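Noted in TrEMBL for the protein shown:
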- B:16-41: transmembrane segment (TRANSMEM)
- B:53-82: transmembrane segment (TRANSMEM)
- B:143-166: transmembrane segment (TRANSMEM)
- B:173-191: transmembrane segment (TRANSMEM)
- B:220-239: transmembrane segment (TRANSMEM)
- B:270-290: transmembrane segment (TRANSMEM)
- B:296-315: transmembrane segment (TRANSMEM)
- B:322-339: transmembrane segment (TRANSMEM)
- B:359-376: transmembrane segment (TRANSMEM)
Amino acid sequence: MLRVICALLVALFFIAPAYGQNAFQDLVQTHAPQIIKGSVKTAPAVIADIQATKSPAATRFLQNWQSKDLWYRRADDLIVTVTTDDNKTYTLLGLADQSVIGTAQKSEIKQIKPNSGLRGLLGTALVGAQLASDDLATRRSSLESLARDPAPEHLAPLRAALNAESDVDLRAKMLRLERLLTLQYDTDTDERIAAINGFAGDLGLDVRARLNPLLDTRLQLSQTPPAAGTFARMINPANDETLSVTDAYDMLVANGWASAKISPDDKRKTLIANIENGAVGGVDIADLNTDENRNIAYAALVDAGIAPVDVSDADIINAVETAYFYDTYSEQSPAVIAAAQTALKRINTKVGISQGVDLFLDGLSLASIFFLAAIGLAITFGVMRVINMAHGEFIMMGAYTGFVVQQVITNYTLSIIIAIPAAFAVTFAAGVAMERLIIRHLYHRPLETLLATFGVSIALQQLAKNIFGTQARPLTSPDWLGGAWQINDVIAISWIRVAIFVLSILFFLMLWFTLNKTRLGLETRAVTQNPRMAASMGINPDKINMLTFGLGSGIAGIAGVAIGLFAKVTSELGSDYIVQSFMTVVVGGVGNIWGTLAGAAMIGFLQKGIEWMNPSNTLAAQTFMIIFIIIFIQFRPRGIIALKGRAAGD
Amino acid sequence: MQGPLGKFMLKHPSTLVFLGLLSLFTIIVTIGSEAFGYGFVSTSFVKTLGKTLCFCLIAIAMDLVWGYCGILSLGHFAFFGLGGYMIGMWLMYERTRLIVINAAENAQIPMTHQEIQDAIGTQIFGVVGGSDFPLVWAFSHLFWVQLALVVLVPGILALIFGWLAFRSRVTGVYLSILTQAMTLALALYLFQNDSGLRGNNGLSGLQNLPGLESTDQSLISMWFFWASAFALGLGYLLVKLIVESKLGNVVRAIRDDEARVRFLGYNVEVYKLFIFTLTAVIAAIAGALYYPQAGIINPAEIAPIASIYLAVWVAIGGRGRIYGAVIGAAVVSLLSSWFTGGQAPDISLGFYTIKWVDWWLVLLGISFVIVTLYVPKGIGGLFDKFTKGAEQ
């Protein structure tokens, strides 16, 4: 008994799908004549019937139908899909689950080829089916593909799906796409205007991509004036930027309303072809080295009937003046155009404001980079008055320290956390060593400090090249610093830049506190202003100088890690920043970290501002910025924030 | 010896010694050259020597402005480069014009002026995607104008820059940084493709003198060598005349204590401006002689680093003594080309081979630190021991 039940169960298991297949296949077969014939009139009923099964086979069937992958057997109109290896013998596959039904020769079967109207109908049905699918992921992906390549006929299924959609997020996206399609494709003008007005002030790129085509114009020309109201604007080629007289004349020629001007090259060829006894048209060849003589010779050829008459410049101007050139909108409804213009105007205003904010953020970010690069100098140069040309190389050493740490520790977050103190330690040590070995001997010869530290700079740069090679080394940022902070469709700022901004603020606070509120800061300022007096008060100037210089260098090392995260780490990393860093300190005002802040802000915003005026050319922006700084120094030789009184030194 | 110059020579025999040695050197090279003598000095080495003489000339200018006037300019290579660009424009224009005309020789009808211009423009500016002549090339077809511009353009730039800098009393390291900024700005500007001077391609083919295609390079290189030697001699004499004159005394006083000289009633700014502009012009002349020997000029040549090397030469040679600058420039630049040219033998330490191409800059940097720290008078300081009695 048990055995019988088992056998029955097994049989049922096999029969069940077979039954399902037959059901779908049977359903299709009932419509076989209409499917094979494929008329737009009968198809909607068939499609609706098949879609009513809501099975995956139905979707696949419609896709196959649309892509001309359906075949039928001539003998019994059995509709199938096929595969073939040799284009002679075909394997027939069932519609429900693509199981093999049999084989057939090429002559026994025939492909079903729906016409384009029917294929459009099928496409719409498919979109509708996918949008109405029970699976959320399918609905989402089909909406995305629809947004990429929308067509007027998608509007109806989209609206149907919109009403049925339960997911709030997806519904919002559908609604947006529906509005976009409405403003572009809907047949009702009022609907379209309502949709356009709904988007006024929306920053999305998709909105602009749909609105702009509404205002597309086409250049037209006619010999009679166009009727009022049928054109966007009249164009007078004589004083118009978009259409030159030459181009306008070319349009006339293309329309067959004027004869083409003979190019100087063609004229030359004609002259060469008609050389007789060392002369053309009575002009000696040797004299043909001016346009004037060439024209005389050519005119002679024209008179002789050998060459075609050329069009004179006056003729061209006349011809262009007698014709009418104007732009027409491809959009028919004036009300829609007006609405689109208003909406775009408001959008553009908002985009402009956002771009201004974006520019401000860019400037802020650049300023914080300059500040970070210059803050070490603000101490060594600004406070101690030591010109350290190797400052850039300390930045580079910091960046390479970060690189080495990353080679050992592969977790990026951890390695950055370790790299920052490591870089500080390395460059602090280098700074102290340099102060002890070189700089302390040169405190009274500032110009020579410049030269000696320059010697250190080229030696360090070449050493880095020998150790790490000339190719750029990557310093990878952790994932949480990847990507950008997207504030709206226009304003975006990468997280690394945000981090650098935060870091520079931190540095500023830390340094300000150290210099103004701690014992070390007090002693540093005392030693800088008057080393002898400081020494007589019990301060050890040697120690203070050493520590201060080490601090300035160490900060350069940390800046190196930060800069290495967004710039490529090479041995030239430092020299890219050295001149700007010095200028930041000088422009801001020496001896004062508020000054460095002001200098970095000015240089950063200025450079971004100039770049904005001429975006294609960052080199020119840097040039103009430097020239501006040279002029600026004329008016404030001591920088934006100048020290007064005794603290100013000399 | 007759006349004031003769008296000057007798008073300062070092000048005579220098000019004598320079003449001797020139004669030896001439005898050794491939063009006029036994050929033991190759043409490429004649060019190297000629270029070195140009470096010596700009080093003299640097010594005058830094060693005597106390202005550490880190921008004099900008003037050197500008001089090269000015002469390079004529060389390139004229040579391209001859090529175009040669190519048109067999054309059936002669070219118009406009066609020639267009062809030259396409040849010169094709690399930067243009064919029209920018405004700065307006005089490139006139040799004498362009020759005058060699002096005028850098001179006027130095005059404007110096006037701006000195009138606002920018001194010391601030001035150094400002001059560095100037040369950086100029280099960055020239790096653009639409600067009108072929962007980072620079001007090339300058070693070919227009109209002298058939003349061998060995001969041309000697002409430039002589010209460089003559210019160096003349420059030395001029600078020596200046520093030994009353003007020279004021200039040195400005270096030692600017404020005091101002209080004595001298217009310090005018003196500084004069020295700054004069040295810029000397630098430009050196550049105009250098680049036809080098054959190519591009904006990288006037990057700030070049001007710093200039300071290095003068410091190593010894500031405040003109022959020191000459020695420094000659020794360091020749050594540099010897080491980086791969001619110096590598030193094998067993576990590591010191390749001089890689280590020369490290050596230069360290020796520079040592010279600054322990030999502030440079190589020239060694000569003081012998010349002290004679000079005073």
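Please read every residue number as a count from 1 along the shown chain.
Glycine too: its Cβ is placed from the backbone N, Cα and C atoms.
The transmembrane segment (B:296-315) shares more Cβ pairs under 8 Å with B:53-82 than with any other stretch in the list B:16-41, B:53-82, B:220-239. No contact links the transmembrane segment (B:220-239) to the transmembrane segment (B:359-376), because fewer than 3 Cβ pairs that are 6 or more residues apart lie under 8 A. Nonlocal intrachain contacts for the transmembrane segment (B:143-166), taken as residues 6+ away from its ends with a CB within less than 8 angstroms of a stretch CB, comprise 78-79, 82-83, 86-87, 89-90, 94, 175, 178-179, 182, 268-269, 272-273, 276-277, 279-281, 283-285, 287-288. Take the transmembrane segment (B:53-82) and the stretches B:16-41, B:173-191, B:270-290, B:322-339: counting Cβ pairs under 8 Å, B:270-290 has the most. Sequence-distant contacts of the transmembrane segment (B:173-191), counting only residues of its own chain at least 6 positions beyond either end whose CB sits under 8 Å from a CB of the stretch, comprise 71-78, 81-82, 85, 161, 165, 197, 199-200, 299-300, 302-304, 307-308.
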